[in-house]
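Engineer: Have a look at this one.
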Amino acid sequence: MDDTTFAVLGTGGIGRRTLDVARHKDGLTPVAACDRNGVAIDHQGLDVDELLDATEGNIASGPDEASGDTPATPTSDYASDGGAAAAEGATAGGGVKQAGEGAGIVASEQGEPTDAPIDDVIAESDAIDAVLLALPNLEHDFIPRIAERFADASYEGVLVDVLKRSRVIGMLDDREEALVESGITFVCGAGATPGFLTGAAALAAQSFVEVEEVKIWWGVGLKSGYEDNRGTVREDIAHLDGYDVETAREMSEGEIEALVDEHDGVLEFRDMEHADDVLLERAGICDAEDVTVGGVLDVRSDEKPTTTTVRVTGRTFDGERGTNAFELDDATSMEANVNGPALGYLKAAVLRNRAGDYGVYGPAEIMPSF
Ligand code: IKT
């Protein structure tokens, strides 16, 4: 396969780690990256070392931004309604490069300020094979609306996201006709869960003629990665009893710290609305209601508080009932287990796209290919 050019929308924890991991994969050239304030584009390939150094600990944020991962309240053309965009754009679009806290990509010598970062990437998308959407999941229809914008611009290529929520898949399906017409191959939920672990469940299910249940149980230790992954933590909080995406989005950093303190740094999640369920159902593996996702997040330790496990229980053709289990090593980080698979899915999707295979796919239908 020829070289693949790709862009990353969002340079929070996930976006930056994707660029980082891509340095270790052959034939992948990052040519564009953006955050809420700026864009960096170089069709010969971005200088990832410089970009990562410049954005480390310096994620584009505003007073309303909730996270270091991706903006919880999107601004500029990160927002559909342009609401907060105007104010943010006025600063960012003023043509002055900013450095330091909150400057984000414009602190890089490759970054340019803009009030329309996503449109700027779309404008260059003829020369971009794939786009990884490392954008907020705190507005359910945000990712689907971004996909629509690429389709409106007749983008022919791959979109990959690492979204979490089950209900978003239907919103993408609603747009499938436009995506197909444009020539887009969209892989949704291509991180760890959904993503890597959904794919593992699909493989483990092959021993069975009937799958009774799939249990995904993850463990993440995020002490040193906490700053970089505040967005992920906020998204997880939305799954706790008494919280939802709206309440999690509105929480101040202080309120999040207080919640984390109350739990001594360890948050446990049960029955998360994670799209592994609908994605396994659409791949014909089992019913969505037979899938459960939960896990434990320790923000005060880098050790995983529990081993990440996928357990698939079913009945074989010859009458046995069994459970196939798949474990991640306790030493592999969340960053490795999210971003590695996301790039693998991206590459597999590029192969499909080049074969003229367009539409919306989940991680159990399209396997990573690095
Ligand atoms: C995700 O980003 O895919 C979900 C996060 C859990 C990651 C599990 C990684 C497991 C491991 O590394 O062992 C969380 C739900 N935000």
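Using the three backbone atoms N, Cα and C, a Cβ is placed for every residue, glycine included.
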Engineer: Quick test of your reading of TrEMBL: among 57-96, 217-256, where does it put region 'Disordered'?
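Structural biologist: Region 'Disordered', as annotated by TrEMBL, spans 57-96.
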Engineer: Residues with Cβ closer than 8 Å to the Cβ of H239 (active site, proton donor and proton acceptor), same chain and 6+ apart in sequence?
Structural biologist: F269, M272, E273
Engineer: So which binding-site residues out of G10, G231, T232 are up against ligand 1, CB under 6 A?
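Structural biologist: Listed by sequence, the hits are T232.
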Engineer: Looking only at Cβ atoms, how many others are within 10 Å of the one on G12 (NAD(+) binding site)?
Structural biologist: 28
Engineer: In Å, how long is the longest CA to CA span across G10, T11, G12, G13, I14, G231, T232, which the record gives as the NAD(+) binders?
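Structural biologist: Site span for NAD(+), by Cα atoms: 13 Å.
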Engineer: So among the binding-site residues T11, T232, who's got the most Cβ atoms within 10 Å?
Structural biologist: T11
Engineer: C-alpha of K164 (active site, nucleophile) to C-alpha of E235 (active site, proton acceptor): distance in Å?
Structural biologist: 9
Engineer: List the Cα distance (Å, whole number) between E235 (active site, proton acceptor) and G12 (NAD(+) binding site).
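Structural biologist: Counting only the Cα atoms, the answer is 14 Å.
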